[in-house]
Protein chains: 2
Amino acid sequence: MVSTTWAPPAPLVAHPPPSRPSGDVPSAAPPAIDVAAAQRYMEGHDHATRAAVLDVMASSPTFRLVAGESKEVERQRTAARWSELAAAGVFVNTITSADPVAGRGKLDAVHETASLLDYSLCIGMSVHFSLFGGSIAALGTPAQAAAWLPGVEALTMRGCFALTELGHGSNARGVETEARFDAAADAFVLHTPSDGAQKYWIGGAAFTARWAVAFAQLYLPGEGDSRGVHAFVVRIRADDGAPVPGVLLADCGYKVGLNGVDNGRIWFTAVPVPRAQLLARYARVDAAGVYSCDAPSPDALFGVTMGALSGGRIGIAASGVGQARVALAIAVRYGLRRRAFAAAPGAPETLLLDYPMHRRRLLPRLATTVVHQGCLNDLKARWGGRLSAKDGHVASCGYKALMTWHALDTMQVAREACGGQGYKSENRIAVSRAALDISATFEGDNTVLLQQVAKACLATYARGVKAGGRFGGALTHLNRAPPPPPSVGTVAFAVHTLQRAEASLLPRLAAAIAATSATPGTTSFDAFTAHQVAADAVARVHTQLLLLASFTSSVAAAPASTRPLLETLGTLHALAVLDDNAVLLCTGALSSADAAAVHGAMDGLCTALRPRAAELADVMTIPDFLLAPIAFDVVAHNSRARL
Amino acid sequence: MVSTTWAPPAPLVAHPPPSRPSGDVPSAAPPAIDVAAAQRYMEGHDHATRAAVLDVMASSPTFRLVAGESKEVERQRTAARWSELAAAGVFVNTITSADPVAGRGKLDAVHETASLLDYSLCIGMSVHFSLFGGSIAALGTPAQAAAWLPGVEALTMRGCFALTELGHGSNARGVETEARFDAAADAFVLHTPSDGAQKYWIGGAAFTARWAVAFAQLYLPGEGDSRGVHAFVVRIRADDGAPVPGVLLADCGYKVGLNGVDNGRIWFTAVPVPRAQLLARYARVDAAGVYSCDAPSPDALFGVTMGALSGGRIGIAASGVGQARVALAIAVRYGLRRRAFAAAPGAPETLLLDYPMHRRRLLPRLATTVVHQGCLNDLKARWGGRLSAKDGHVASCGYKALMTWHALDTMQVAREACGGQGYKSENRIAVSRAALDISATFEGDNTVLLQQVAKACLATYARGVKAGGRFGGALTHLNRAPPPPPSVGTVAFAVHTLQRAEASLLPRLAAAIAATSATPGTTSFDAFTAHQVAADAVARVHTQLLLLASFTSSVAAAPASTRPLLETLGTLHALAVLDDNAVLLCTGALSSADAAAVHGAMDGLCTALRPRAAELADVMTIPDFLLAPIAFDVVAHNSRARL
Ligand SMILES: Cc1cc2nc3c(=O)[nH]c(=O)nc-3n(C[C@H](O)[C@H](O)[C@H](O)COP(=O)(O)OP(=O)(O)OC[C@H]3O[C@@H](n4cnc5c(N)ncnc54)[C@H](O)[C@@H]3O)c2cc1C
Ligand SMILES: Cc1cc2nc3c(=O)[nH]c(=O)nc-3n(C[C@H](O)[C@H](O)[C@H](O)COP(=O)(O)OP(=O)(O)OC[C@H]3O[C@@H](n4cnc5c(N)ncnc54)[C@H](O)[C@@H]3O)c2cc1C
């Protein structure tokens, strides 16, 4: 026996609506939350698809949670789960949809719902559909897309996304895999020149994938320099699973989580790839070996080549928020049943959530989680057209970094808030956190992503300076003198404070970089690098401002019955952003008296929300079968009778 | 195949001294660090025992690291490792030593060294020796200790520590297991009255232990009220492993880590325990059922009964610091070889540690880790007699909370600093972090422990107020007007600032609690509870002050050749404590100008330390075989030739 299966505490049941914890919630406060409407707000879009996925997961034994398996068994289970979802038709009309926005929405809904149960399943699917399929859609010609996407959607063409190499991760532009055009063969020759250039971490490459979109430096006959990174559709395995000649595949081995994804390594040894398999929407090579490219510059070409990752990053952020919601739903419900300590021996013990410290650990994080969910839904709604590629890129970088870190922190605190039970595999939080951990560094390392945000701010700022001090985009607030401060416990106050901080930090950063650049021999790379720590602070402040703006517009558009709740949680989130954010104090954007007021206001709001904690757990929108034994009657679950 | 073994990158080698990373470290700065002396400082005590343990671990294949095993296999491996250490004689003269301080030092050295490789091994051993054996030593009469400890030390009497119940964890005083004295049988009858009272999480109870120290409410004939929690030495399994009659044992199942420890559940059904097996140093029952107790009050009796946990907490903190050292040694070495991004395509890429942000993430945490190690060594040196039980208790609570949280944070950042490689099991950091995660809530939940610190501060403060404003103990600084502030980038400045914060926070907390208490019907429990969040802040500030004082005295006593290094790291630690510590700004103890200066000084110090990074990795005092492939040549390790 290498594994044990844990059964959910109740028989698998139809999912909505989550039941109220039967713990003793004070009933004094009227239930002012319209839970059903709030749940729809949290889901955001494609409710029917989400319900369909939940139905499959709730009713099939394949989706029971299991601990302690080998990676081989976990991978088989992940594959079986994926097949059952496919059989239910949830992938139909996603990447082949005539309406790509609708197709993407449906696919996102599938991935997000799957990730509430199994992050490996979500990542395995999204590598295939969003990265492999997404690259074909984004970088292929219409003819290439038409030829391949149906097979990708139908899972007859199983693919992986082969960008990262052992030697190059964040710096994807530095990959060393070579694609040399051979006119006689009318093919590119794909080759791994060194062990450092082996493709590494490629999800699906160890077992499942038959195809890859492989990224390589393109070399044309007679040219010594690469034309930059290009994407090729490459067979890596025959249908029977055997690697094709010239392709060597290996397993990346055990990770601390996510072992349902078969990450692998790939070496290419002079593998011929037909000319028609270069994804040729932006750049192409004709039969004579003549290269043409529509992108205005190598930088621009690299930018569009990496385009599939932007949407992917939103997906990673969404999975993080979803898993934080699971953890919070479990921890809040546990806090409404679990008691510890009493005023006197024999007196009834206090519910955990009646401890101010316990509320303080959970509720502000719950508020931020709701805000993040609202912002993601808002961003996705704007993604399909109403957002410039640049704004989309900046938001995807900033959101992904702050949201995944927030999710990891929240899951850590939620696990600790459940004490020892939070550490048990069957109670999900700790195991999910170990899986989600990778989200801080993949599909863009968070630290590196924040640098992208800072660079975008600097560019917008520089344009504003050039325009004689008229700032555009997200920096228009720099054009006006700061208004008088609103009162402390409001979202407006947080916006005001963060804008003041940005108005102080960003010009200083720009000036510092300019000063460093003035030294002869200093590249712009060096000058930015020298001020990374300050740039990181700018990026965080800027992203927080983007989030507050997005949430505010999302609340304005939300059903009236949800608004009181969302406004309260928005305020608590805004306070939490200000609290313990020392950089705001360093800049003087927040005075120490206001900081103290913020700190106090948080306590007040957490206390005010206490009577609604059970409904707040429901607002997390997690059906019972995705919760954990400790979200129900933990004594009954552990009873002697059940041994 | 359910598991893979990863071999260390080099053949298993004799451990000291760790080799310098052969990466390209700028050689400009002279190696001003006396690494060998610093390593002795880090080890602190019992160097020969540590070396003996390292010898066993480095030379035996049983200690090779393995991933992906079932818990059953992991437990067997843990047991085998334990046996090999026992065969090497490292446990001889520990808990039976005529000099208990020396015995404890030796045992600590064994546990700490083992935990660098395998936290399960460390915890399994320390449950047996320090909690089971430690309870017998602390709570048993001299005759009881003499009767049992030799068997505990020789592992012929394998024990567990059965305190926690499903229904009661942090609030250990509320355990419900009953021990009713039966004079006719001259025995206590141990009984589990309900499923909530099952012993839960008991390390060793699922398989290995034959005996338990079980904690139960003592009931005397004819009395309705318990005499409080008492400790009993109880047989739970026969030598052949079969549970004894009346004892039901079950497995706690999978956890996210630490699966080498067989945590179990115990139900007692009217199990007779001979009267002589009540640990009777402080309280006893005579044959006629007459109870006598030396403790002045039930509170005092409960305090001494939990005494074994104080030493245990220091051990937990030490394991955390040790594992943070492993993670930092790996991440710093990786940062000295790994390159990412270049100023221009084709230009040499930049070493990770040459990025200011990367240094900023790792080096302050490294500094704090060294400070924590120094403080632990200092505390252990003072533990054996020169410290009051109360001061020891407060320090053990505060240190354990802040050090384990720091270790978890550091391991998280170290894993992210290694990018995707940090997530791989063979690279150790992520897997060790998942194991160490439990240290935030076991042997005292950190949040609850900080409340103990706050309560102790309040008590000392109240005594001072009663004495007309003459404060003693760690609060003597309240007796004098604050001196003029020292210059910002110094330890003295941090002490000054923290003292000012304590001088502001503590009286306000005391006043707030007093005001709440004034409401009729408010218990002191309620009054303290209402101000938990403020109490938490006091506890953190107070513990940071204890740490700075302890580190300062430890540096004064350290060999002269280590002092420049320790002073620099102490300064960086002190700056890190002030940086991003918003509560200091809220109180006004730190001005926003000084906060900005602190922030800037940190960057300067991290940059100054950069040329010494390789030596700083060596100061972590982790032999090569305990590092990870990424601490060496990661390309060679992943080469095609090694497939
Ligand atoms: C489980 C898993 C699945 C994956 N799946 C895929 C996949 O399917 N396809 C694929 O192509 N890739 C995949 N990846 C690779 C992933 O995208 C990379 O791990 C990621 O891009 C980070 O690169 P790296 O690991 O090389 O880290 P590095 O780039 O080496 O970064 C290491 C550290 O250095 C820091 N750093 C780097 N540059 C800078 C800088 N300029 N300034 C300051 N700090 C810096 C980073 O913050 C990070 O902490 C996967 C990885 C994992 C672990
Ligand atoms: C792997 C493992 C090994 C263990 N080994 C042993 C062993 O060998 N022997 C043994 O006896 N026990 C053992 N334990 C039990 C361990 O000591 C308990 O888990 C610990 O005491 C915490 O208790 P709890 O889990 O019941 O958490 P709870 O006490 O239920 O606490 C849950 C949460 O509530 C919060 N909370 C509680 N009280 C308050 C308060 N007054 N104010 C604010 N917040 C509060 C805590 O901060 C925590 O976050 C082990 C546990 C684990 C997981």
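Yeah, the Cβs are placed from backbone N, Cα and C, and that goes for glycine too.
Here is what TrEMBL records for this protein:
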- A:Glu443: active site, proton acceptor (ACT_SITE)
- A:Thr164, A:Gly203: FAD binding site (BINDING)
- A:8-20: compositional bias 'Pro residues' (COMPBIAS)
- A:307-457: domain 'Acyl-CoA oxidase C-alpha1' (DOMAIN)
- A:496-627: domain 'Acyl-CoA oxidase C-terminal' (DOMAIN)
- A:1-30: region 'Disordered' (REGION)
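Chain B lies within reach of A:Thr164, taking the recorded positions A:Thr164, A:Gly203, A:Glu443 and requiring a CB-CB distance under 8 A. Helix, strand and coil residue tallies for the domain 'Acyl-CoA oxidase C-terminal' (A:496-627), in that order: 111 helix, 0 strand, 21 coil [DSSP]. Comparing A:Thr164 (FAD binding site) with A:Glu443 (active site, proton acceptor), their Cα atoms are 10 Å apart once rounded. It is 12 Å from the Cα atom of the residue listed as 'active site, proton acceptor' to that of A:Gly203 (FAD binding site). The DSSP secondary structure for A:Thr164 (FAD binding site) is coil. Counting every protein chain shown, the number of other Cβ atoms lying within 10 Å of the Cβ of A:Gly203 (FAD binding site) is 25. Under DSSP, the residue listed as 'active site, proton acceptor' is assigned to coil, being neither helix nor strand in the three-state scheme. Summarising the environment of A:Thr164 (FAD binding site), the number of other Cβ atoms within 10 Å of its Cβ, over all protein chains shown, is 21.
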